[in-house]
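Annotated active site per TrEMBL: A:HIS432, in sequence order. Sequence annotations record features per position, and here TrEMBL assigns region 'Disordered' to A:1-79. According to TrEMBL, the transmembrane segment annotation covers A:144-166, A:178-201, A:207-229, A:299-318, A:349-370, A:418-440, A:446-465, A:472-490.
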2 protein chains.
Amino acid sequence: MGDRGGAGGSRRRRTGSRTASGGSGGGGTSGSQTEEELRAAAGAGADAGGGGDTPTPTAAPACTRTPSEEGDGEGVGPPDLRCHRLQESLFSSASGFSNYRGILNWCVVMLILSNARLFLENIIKYGILVDPIQVVSLFLKDPYSWPSLCLIIVANGFALAAFQVEKRLAVGTITERVGLLLYVANLLTMLCFPAAVVFMVKSITPVGSVFALGVYTVLFLKMVSYYHVNLWCRQYRAKSQAASGTKKANGNVVSNGVKYPANLTYRDLYYFLFAPTLCYELNFPRSPRIRKRFLLRRLFEMLFFTQLLVGLIQQWMVPTIQNSMKPFKDMDYSRIIERLLKLAVPNHFIWLIFFYWFFHSCLNAVAELMQFGDREFYRDWWNSESVTYFWQNWNIPVHKWCLRHFYKPVMKMGVNKWMAKIGVFLASAFFHEYLVSVPLRMFRPWAFTGMMAQIPLAWVVGRFLQGNYGNAAVWLSLIIGQPVAVLMYVHDYYVLNYEAQPTS
Amino acid sequence: MGDRGGAGGSRRRRTGSRTASGGSGGGGTSGSQTEEELRAAAGAGADAGGGGDTPTPTAAPACTRTPSEEGDGEGVGPPDLRCHRLQESLFSSASGFSNYRGILNWCVVMLILSNARLFLENIIKYGILVDPIQVVSLFLKDPYSWPSLCLIIVANGFALAAFQVEKRLAVGTITERVGLLLYVANLLTMLCFPAAVVFMVKSITPVGSVFALGVYTVLFLKMVSYYHVNLWCRQYRAKSQAASGTKKANGNVVSNGVKYPANLTYRDLYYFLFAPTLCYELNFPRSPRIRKRFLLRRLFEMLFFTQLLVGLIQQWMVPTIQNSMKPFKDMDYSRIIERLLKLAVPNHFIWLIFFYWFFHSCLNAVAELMQFGDREFYRDWWNSESVTYFWQNWNIPVHKWCLRHFYKPVMKMGVNKWMAKIGVFLASAFFHEYLVSVPLRMFRPWAFTGMMAQIPLAWVVGRFLQGNYGNAAVWLSLIIGQPVAVLMYVHDYYVLNYEAQPTS
């Protein structure tokens, strides 16, 4: 109310002064004040006493005569018949008006209405497709065989193997070279073994294998970090032992935390494995206590958004994808684009909900349970004005890992900055592909290409678009880019697995 | 870029100070600066030298030790292995983060994409329906009979009749009472005659008759204003003549404009009739010259938006309305709501374009041609936070007329403020109904009800919603309210005229 009154007041002040100074056409401007004040007073009354519409004292045009109190034309003074002023329309650039605040609300209302209609159309067309029981079948084909769970349990073996290598490296039973070889073998097996299992075991479902492979990927990244940090600690220990004869400085700085060989315990290893981070550290920052209300809210969000995600996928995503198959087979381009845009909306909403569910609810719940202090799982990527900023801020655990265990070590090896960045994207593209192609048992370069396409995209956006345009470009690439990849995979999977079936 | 850097900087400053003061869990915080600075420096490098990501000097946590220059763990100092900090996630209320500026861009991108899809879907479904020739048939049934044009030419007669009455009133040939009676008769005929013609002449089309009735309505309002102002002038003349014996004051104030009886010329009358205002005035403010570039731009807009409006109606509105008929007949409520929401989007866009086309392009073009100075045809209704504010600001010519020639005279007669306001809405509702029911030759109370429903709506919105919520409510009532009325009329018109035809 106050804001609106302020805007109106300033506008009237401007036009008022223009009238006072620029009344060149027609008669004098003496009468315009009364009419305007009466109108403004009536307007203020209509606003139920808001008073936002009355002109400010400075808004009165220069006028020496007091307005006639008797009203229009009935007083002794000349009739106040003027009700027009020399002024521009607001849309004309000459008016200087620029308050389009209401347009934001318009956008929000239009978006809500559009999507309410889509929702209603969907319900009318397909009925209610949400089926929580069906979700179980995505994880299990055969209720007596749980291959994904077995895979995840086996993953412990790789972590324990790495732990044993570290133990021996710490006491010097094996040399650094042997340790590195053992680590590399362990890490490679960690990637190849689950992939092989997924290919061999026919009872594993795509969703189950994505889950298992995700766990293995996280374990892989964590173990790389574990090795690196312990290696750095050994290097420091060797140097400080060599220097201990000459000076005994700085030893007190790290004395209030765990020092190197003392961190090699099962307890420390498993804390790291379950902690919501990919970067190992000897002394993680810990939150002082478990906040029960916070934890309960996060757990409730986890449950609620899981239901919502499953519901949206079943109700909105699956029918849209199924309807996209025919245009794709016919190579009907205008329909493909229409389907793509139709798919983009639910896909984007699901991605946004997934983001909140995973990065805020799940990781915070785990962190709260483990009293893990660092909750920076994401930064303000929604304000990204460049693609680079987005990738640096939307997934902080992975970004931190890439920076600490890939980008900086590679830079230290003397590699060019741009090569190192491309290397990071290549590694990221590899893991994206690994997590999609292996579970689908189908090698297609779409996820890989999608990740690698970020490099030219980042260059183009950074070069040509700035500010809000850059932000809009990032949003556009998110909203459009993902459904393209999704449609590609679904189409190929469909052709590969269901081509024999008749399409309606 | 600068804005983003500022946001990032302030965030980092906050978290940095938190780490310095709150490093209670785990080891000391001495090592965290180096890691953060390295990361930030790498981030700034990735931003192509933008430098927006580097911490501000005040952001450095309290740290007495200089960071080791040799990098992680290879220096003589203790290894800088810390890469976590005690901090909250941004979505947690404890983080104090509130920069969601990017969401506005997200809204815009989503809106554009949604409507691009609707557009594409429409083209695929219906092909191109735009047909400029068909527009002519909306105005003409029989190419040798132009009833609407004849009606508009006849309208001159009413204006001239009023002029002759004024002439006689000015010189006192007829009394005020006779003059008022003649005026009332003239004004009533002005409303009834075209309505009667529309009912009798079968060759008149609905669109043609809306146009003719619109012209008559405008003429009616203008003539009321013409009568009022001339009456006020006569009253003032009588008073000043009576007072001229005692004092000779204020005579010079209006001396530089046209004084009362001198304004009763054909030239003055026709200037008023064509001027883009409904309120008569003896000395309109005039713009100093015709700006040719401005005029050309407005004329181009008029042409372009006319085409766009016709195209959108033919391509988007008509098919949607046709598809709405079956659910309406079946009284299938969920489908009716779905159709309503589907219709709301094109209807709203068309209304917005119509608003710009009429109130900015057309009225400004006419005003520029006539060097009419007052271009305030609308105010910033898009920022309306109450329904009242919307109605006071979206159509300034009508609002001005209602205030000057209805609300204030009625108030002066001692009528209650609320009664006067309801009277304004009643009059407005009457003319809305007049302009819709007569051309369709079908009396339904929908337009009337729609206007009258604004009064309780205004009360509810003003009572319960403020600020952005009020603004959103105004938008919602605009977006939803209009298509409801449109669908009502179309449905009834369809039932009345085409019910015998089979529906597909």
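Residue numbering: from 1, along the chain as shown.
Backbone N, Cα and C atoms are what each Cβ position is placed from, and that goes for glycine too.
Here the transmembrane segment (A:349-370) does not touch the transmembrane segment (A:418-440). Their Cβ atoms form fewer than 3 pairs under 8 Å, with each pair 6 or more residues apart.
Between the transmembrane segment (A:207-229) and the stretches A:418-440, A:446-465, A:472-490, the greatest number of Cβ pairs separated by less than 8 Å involves A:418-440. For the transmembrane segment (A:472-490), the partner stretch with the most Cβ pairs below 8 Å, chosen from A:144-166, A:418-440, A:446-465, is A:446-465.
Cβ atoms under 8 Å from those of the transmembrane segment (A:446-465) belong to residues 386-388, 391, 421-422, 425-426, 428-430, 432-433, 435-437, 472-474, 477, 481, 484-485, 488-489 of the same chain, restricted to positions at least 6 beyond its ends. Long-range contacts of the transmembrane segment (A:144-166) within the same chain: residues 174, 179, 182-183, 186, 189-190, 193-194, 197, 201, 203-205, 208-209, 211-212, 215-216, 219, 223, 226-227, 230, 264, 266, 269, 273, each at least 6 residues beyond the stretch ends and with a Cβ under 8 Å from a Cβ of the stretch. Counting only same-chain residues at least 6 apart in sequence, those with a Cβ under 8 Å from the Cβ of the residue listed as 'active site' are A:ALA447, A:PHE448, A:GLY450, A:MET451.
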